[in-house]
Amino acid sequence: MACHNVSELQDLGCSNQLLLQPLWDSIRTGEASARSPFFPVIFSIFTYLGFCLPFVVLDVLCPWVPILRRYKIHPDFSPSVRQLLPCLGLTLYQHLVFVFPVTLMHWARSPALLPREAPELSQLLSHVLICLLLFDTEIFAWHLLHHKVPWLYRTFHKVHHQNSSSFALATQYMSVWELLSLTFFDVLNVAMLQCHPLTILVFHVVNIWLSVEDHSGYDFPWSTHRLVPFGWYGGVAHHDLHHSQFNCNFAPYFTHWDKMLGTLRCAPHSKRLCAGSESCLDSGEQCTVHLNQKKKQT
C-alpha cells in the first residue's frame, strides 16, 4: 500500500513537471542567448518598459478619454514629458552603469549549462510566493529604516519621493543605492531557495509587474489587490497613500507587516483592506483627514 502511494506521488510530480517542460524546452533552444552576460539586464529593462508602456499610453489618452479618469487615483493628474523623460533616462543609465556590472558578477558564478528538466509547477509557484514574501519583508525593513533615520532618507530614499503622484515610469526613479538594494534582495532570495532558472525568470517578471502596478496610478477592477482575498495585498491606492503621507504603508506588496507594526493606513480607494480591523479603519480615516488638511494648507 505504501509503495502504491509513493508511486502515485511520483506520477503526480512527473505530471506537474511535464506541464512546464514544453515551455522550458523552448527557452533552452535559445540557451546561448539566455546564458549571455547581457541577457539579465536586457531582460530586466525590456520587461520593465514593456509593463510601463500601457500605462504611459493611458496617461497620454486620459485627458481626452474621460472614462479613464474613473480608474485613476488622481483623476486630474497626468505626467508631463518633463517628468517622464528623466525617469526613463535614469532607469537606462543606472541599469547600464550599475546593474549590469552586478549581474555580470552573478553570471560568472552561475552554472555553465541550464538544467534539462523543468521544475514542477507546484515547486515553481511555491518558490515564487516565498520569494515575494521574503522580498516584501526585506523591503519593508529597509524602507522603514530609511524613513525613520533622516540621514538615510535624505541621502538615499528622497529621490524616489520627488514625485508625490504615482505614474508607471516613476517606479524605478530612485537612487543607485536603492536600486542596488532591490537587486541584491532579488538575487539573495532566489539563491537561498536554490530556485530553478525558470522559477527565477517567472519571479522577476511577477516582481517587476507588481512594482509597476503599484506605481501606475490606476486602480482597475482586475488590479492585484482586488484579486487577493482578505485584504492581504495592498495595491496601488495603498502605495500611493505612502507617497502622499510618507509615514505609512511601508511594505511594497502585502499588508501583514504594516498591520502588525501599526503603520497600515487605508486609502479611500481600498477600504476593503480595513475589513475586520477597526483600529486600521480608524487610522485610515485619520490619515485621510490629515491628507485633506495638508491639501488645504498648500
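Note that Cβ sites are derived from N, Cα and C of the backbone, with glycine treated the same way.
Looking at the stretches 112-116, 142-146, 172-176, 287-291, the one that Swiss-Prot records under the feature motif 'Histidine box-1' is 142-146. Outside the transmembrane segment (84-104) by six or more residues, the chain places 37-38, 40-41, 44-45, 48-49, 56, 167, 169-170, 172-173, 176, 179-180, 183 with a CB less than 8 A from a CB of the stretch.
According to DSSP, the domain 'Fatty acid hydroxylase' (128-263) comprises 95 helix, 3 strand, 38 coil.
Sequence-distant contacts of the transmembrane segment (38-58) (same chain, at least 6 residues past either end, Cβ-Cβ under 8 Å): 68, 84, 88, 91-92, 95-96, 99-100, 103, 106-107, 167-169, 171-172, 201, 204-205, 208-209, 212-213, 216-218.
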